[in-house]
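Okay, structure first, notes after.
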Amino acid sequence: MSDIEVQIPTTFDPFAEANAEDSGAGAKDYVHIQIQQRNGRKSLTTVQGLKKEFSYNKILKDLKKEFCCNGTVVQDPELGQVIQLQGDQRKNVSTFLVQAGIVKKDNIKIHGF
């Protein structure tokens, strides 16, 4: 009886691969460009997910000069630094980030209406 090897089945986690990909170094880091409605026709464009080695203030300065709008860099506890711009600048910001070589087009996600 003692010669028989018994294998106890282990639990199977179907989401183990997905969780490993999200937390690993190979995970894609997306830049999210969103629009938030303020009041009436006023809106706010937010850019989040840029790499930390970039100077957010220099990027903001170029964006403000390029699109003739005001903006600021906000420190969010969950998301880190977020660039906010006045108006609907989603398409403009995405083309600017791609042309400047900051982000590849595949890594940009545009949210909103």
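Placement of Cβ uses the backbone N, Cα and C atoms for every residue, glycine included.
Across the domain 'SUI1' (31-101), the model assigns an average pLDDT of 94. What TrEMBL records for 31-101 is domain 'SUI1'.
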When secondary structure is assigned with DSSP, how many helix, strand and coil residues does the domain 'SUI1' (31-101) contain?
22 helix, 26 strand, 23 coil
